[in-house]
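Chemist: Just lifted these from Swiss-Prot, have a look:
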- 27, 28, 29, 30, 31, 52, 71: substrate binding site (BINDING)
- 12-70: disulfide bond (DISULFID)
- 26-81: disulfide bond (DISULFID)
- 44-96: disulfide bond (DISULFID)
- 51-58: disulfide bond (DISULFID)
């Protein structure tokens, strides 16, 4: 999506605000994946794993991907939503659905 994590610890606060993810309430957790859409879509044909919610349409990436993990801070209250920004390289799990099987 053209967004890449910088050394800026405000990355999560900025991105979640810009993408209107904090309208009406603070979002507890969000993960931004910094890989091409094609690479993320490809996960739907990789390793099938159990979903946390019991569904059976989750897939894990074969290789680690660059992510930014955003978690609401304990003192954060709407409308002043604040998040902790953590960068990592991890295998991602996506739920895939539809005819073309998209994440």
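Heads up, the Cβ atoms here are built off N, Cα and C, so glycines get one too.
Relative to the rest of the structure, where do these features sit?
Modeler: DSSP assigns residue 29 (substrate binding site) to a strand in the three-state reduction.
Under the three-state DSSP scheme, residue 70 (disulfide bond) falls in the strand class. Around residue 70 (disulfide bond), the same-chain residues six or more apart in sequence whose CB sits under 8 Å from its CB are 11, 12, 15, 16, 27, 29, 30, 31, 32, 83, 84, 85, 86, listed in sequence order.
If you draw a 10 Å sphere around the CB of residue 26 (disulfide bond), it holds 17 other CB atoms from the protein chains shown.
The Cβ neighbour count for residue 96 (disulfide bond), using a 10 Å radius and every protein chain shown, is 17. Mapped onto three states, the DSSP output places residue 96 (disulfide bond) in coil.
Of all Cβ atoms in the shown protein chains, 13 besides its own fall within 10 Å of the Cβ of residue 51 (disulfide bond).
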Chemist: Does residue 28 (substrate binding site) have same-chain partners at least 6 apart in sequence with Cβ under 8 Å from its own Cβ, and which are they?
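Modeler: Looking at Cβ-Cβ distances below 8 Å from residue 28 (substrate binding site), excluding near sequence neighbours, one finds 71, 72.
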Chemist: Would you kindly give the Cα-Cα distance separating residue 96 (disulfide bond) and residue 51 (disulfide bond), rounded to the nearest Å?
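Modeler: About 11 Å separates the two Cα atoms.
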Chemist: Taking only the Cα atoms, work out how far residue 52 (substrate binding site) lies from residue 58 (disulfide bond), in Å, as a whole number.
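Modeler: With the alpha carbons as reference points, the distance is 9 Å.
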Chemist: What is the total of other Cβ atoms whose distance to the Cβ of residue 27 (substrate binding site) is within 10 Å?
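Modeler: Result for residue 27 (substrate binding site): 17 neighbouring Cβ atoms inside 10 Å.
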